[in-house]
Amino acid sequence: MSKRSSSPIRETPSKRMCVEEDEDLDDEDSLSLQCAGDVVSDAGIVESITLKNFMCHSLLGPFAFGPNVNFVVGNNGSGKSAILTALIVALGGNAQATNRGSSLRGFVKEGESSADVSITLRNKGKDAYKPEVYGPAIVVDLRITRDGIRTYKLRSKLGQLVSTRKEELISILDNFNIQVNNPVSVLTQEMSKYFLHSKGEGDKYKFFMKATQLEQMREDYVYIKTSKNVTEEKLAQYNECLKDMKRKYLEKEDRYKSLASLDELRTKLEELRKQMAWAVVIEKEKDLEPIKEKLQADRRSTEKYDEKVDEWKKKVEESEKKYKQIEERLEGITQQVQELQPKCAELKAEVQRHNSLVKSSEVTAHRCKASLKDLEKDKDQLSSRIKDLNLSISQATGAESQAKAARVVELQTELENLAHQISTLGQQIDQYEHASSRAKEEQAKMRREQDVLQRSADANKRNLQTMESSRSNRLQRFGEHMPALLNAIQEAHKKGQFKHRPRGPLGFLISLKDPEHALAVEVCIKHLLQAFTCDNYEDQKVLQGLMTKVLPAGRRPTIITSTFLSQVHDTRRRAVNHPQYPSVLQALEISDPVVANCLIDQRSIENILLIKNRTEARRVMQGRNPPQNCLQAFSIEGDQIFNNRSYTADQTRAKFLSGDVEEEIRHLQRELENQSGQAARFQQHMKKLDEDIKQNEVLLKRAHKDQKCAKDKVRRLNLELTDLQNAEEPQSEDLKALEEDLQEIVTKMTIKRTEYDEANGHLTDLKANHEKAKQEYQQYKDRISNIAEDADSVKEDLGKAEQELLKCKHHKKHYDDKRNAHLQNIQTLESNLKAKEQDLQTSTEQATDICSERLKVSRTAKSLDTEINRLKVRITTQQEQQGDRVEIVRQYHEALESYKKMTQQMKNLSNFIKSLDKVMNQRLQVYGVFRRFLAARCKYYFDSMLAQRGYSGSMTFDHKNETLSISVQPGQGNKADLSDMRSLSGGERSFSTVCFVLSLWAITEAPFRCLDEFDVYMDMVNRRISMDMMLKVASSQRYRQFIFLTPQNMSSLPVTSLIRILRLKDPDRGQNSQTQDKAQ
């Protein structure tokens, strides 16, 4: 390594070098050219570039570049990066590759409508592109509008417009091998920073692959492989076309061959006609035999029909005679009833008349009795008044008045006390009634809950019994009679009563993939678990009959009628397909397609999801984007969730689909124990409520009684108080008037008592007459009822006789119709036999005319007729084609030629694909070798570059994992001291990066190379060494152009014809930046 460090790096140029005179430059104030070389590069280098309204610059250039080494020097903002960006964009690069913007519109100067870039490329030497059109240089003019639209104009050296198509520019770039997106050709400042600070070994490997165009080569191989696959697919399609072409060719061949077989066809047709004639005769003779046999058999069976008709005729006569006898008896009974009806109606009217008289007399007697009571009441009141007046007159007035006043005060006080007592009792009554009502309401509520609990306990007892029975037979879960029903279905199917054996119960024929989905699936399918399915309605009727015999009365399983299919419905298009949650169809294992189709048709189980978590189910179903084709979902708790609502399940455990029977039995036993304890608590509570109600009713009754007593006492005291307050001094004349009124009332009472006695006696007579009429009416009514009872039995006998008569007439008519149809059939057979015999005679005569000798024919007339028609068509077709025989021959040869040509093309295409496979395999092997070769060369040049400063390093390629590991040790040292580039200083790392880039330069080809601020992180020592290295490389590659952009002052560079320095004016922050000197 130490020996190589002082030796310059040389590489044999792959392009021819040529000499050109130096170009004269003017305007020394703008641009200073240090020296010009006398050795020029070949085609593809950049001769000049001009920028207008590009980025923040109104005008830059034109800049004339030297053929070898060019330094663009200027401070930040002077336009160095703008020149490089314009070079990339103008030569087809995208905006992202410049790291200066994401869109082309960003390159247009603010306030301007468009930006222009003009680049002149050298077009000389053996690699020149269309020199007869463009001349010694190609001018690429680019315009970028404010909308980001890019347009090209490609001109010749003389300024003549040649093309505006980007494809022409791409052809030029491919011819010159210009790769502006290749970081080795154009290394921008951002790419340089990224590469300097990149810590990924994969990024370095990608940099190497892209720089050496190995990545493009790999992409080309992938594209070729994809194109080959497409070609193979098309080849398969062409095979189908070849089959169709072969079929057409064979048709043409048949037409061609048919030209020579026309006479053979006519001879064969004549022979077939003879066979056809006698084949018709033979078939008609065969047709006569079954008719004759049938006619003889029908004539023998005529006697049986006559016997049956006579038998039922006698039965009809006997039935008619019996019917008439019973009818006569019924007419006699009806006549008796009709005779008794008028007298019975007369007696009924008489009873009603007597009843009206009794009621009228009762009203009169009652009125007299009421008047008498009123008079007696008036008499008592007057007598009491007279007595009081007599007593008042006899008493003294003074002392009595004082006593009366004291009594009034005493009564008022007592009334107030009683009013308070009545109010208190009223409140107590309200409290007792409210307490009793509340206890009764609670008792009613407890009764309802007790009924629900009892029904639940009864259901659990039945389920427990079913579960215990299902330990040995799972079918018991679907009902204790279900095994017997399935046995009956099996027996009926063996006897041929079913066209297709019914399936069911459906829940017995399915199983779960995940036992946790048992409750959700059971709630989803519901009543279909116990349902049966039949193929047709006849099977449904048979199954209903079996259910009636085997199952007890009540609710029976549902029967679904639908045609059985041997395959499950294709639900791929309409079914829900979720990446996380299964549908009900996916969660079930169903071996019978009939069962699966039934559940799909009846419940749409392919559109229902099973989501274990209730919250997740609501999120999935009621979110913004519910699953496609999903109608609803069920959670593990049995909750039903739609996209706009949800329902909670009624049941909490699976009954039919649960897997652990013992666990279900234990759960039911615990439920029954809890329900038993709850029932006992209900009984205790109910007993306590009964006691509370009884106690409240006793207290309520006592309070009512006390209140009534108090009210009665209040009424008496009020009467007494009223009498005391209304008492006046008695008058003697009032007493006389009262005595006169009393005498008048006594007289009225005597008269009314006499009227009442008369009315009462009259009422007794009327009641006796009414009872007598009623008894007589009842006697007639009983006679009619007895006769009617006799008539009912006679009517029943008459109905039976009528049914027997109708039955006999029906059977007689049935056999009459059968005998008539039988005789008609015999006549038809005789007519048919006669016609067929005549037809046979005619056919025999015709066959004799066609062929006098009878032929033995084994084929049927139908097959012969079909072949004759086919031959006629062929003969007619060939006869029509006979006039254009040349056309048939031409079409045949054309079809043969097309078929052979297509076959050869398919063969050649297949051979091409095989050869392509072979070549691609070879290319891939060479690709691997070439990649290793380039990696080895890169390692060699990298070591050589490092050695120039006394560094040592290593470069490790891992093509399998696509990584590149670079280790560098500053100064000469042991290999073990090598360290990763991340441990180096900024300058050392920049120097190492320059070495890596120069090593890539050495193994890649490009007409020019650009570096932007390559030395930004280097110290003076590393910058000088790196610069000497690059100048050495440039000196050894004079056929290649180098453009370096740097903010450093390059005054220390040696004066040589190979180096040209372009100095840019410092930016004026107030105005647009311009160059110091402009090229003429």
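The backbone N, Cα and C atoms fix where each Cβ goes, and this holds for glycine too.
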Candidate ranges 88-122, 123-157, 228-262, 543-577 [criterion: TrEMBL lists as coiled coil]: 228-262
Proximity of the coiled coil (365-449) to the coiled coil (658-881), 3+ C-beta pairs under 8 angstroms: yes
Beyond the flanks of the coiled coil (302-336) by at least 6 residues, Cβ under 8 Å: 787, 790-791, 794-795, 797-798, 801-802, 804-805, 808-809, 811-812, 815-816, 818-819, 822-823, 826
Model confidence over the coiled coil (302-336), averaged pLDDT: 83
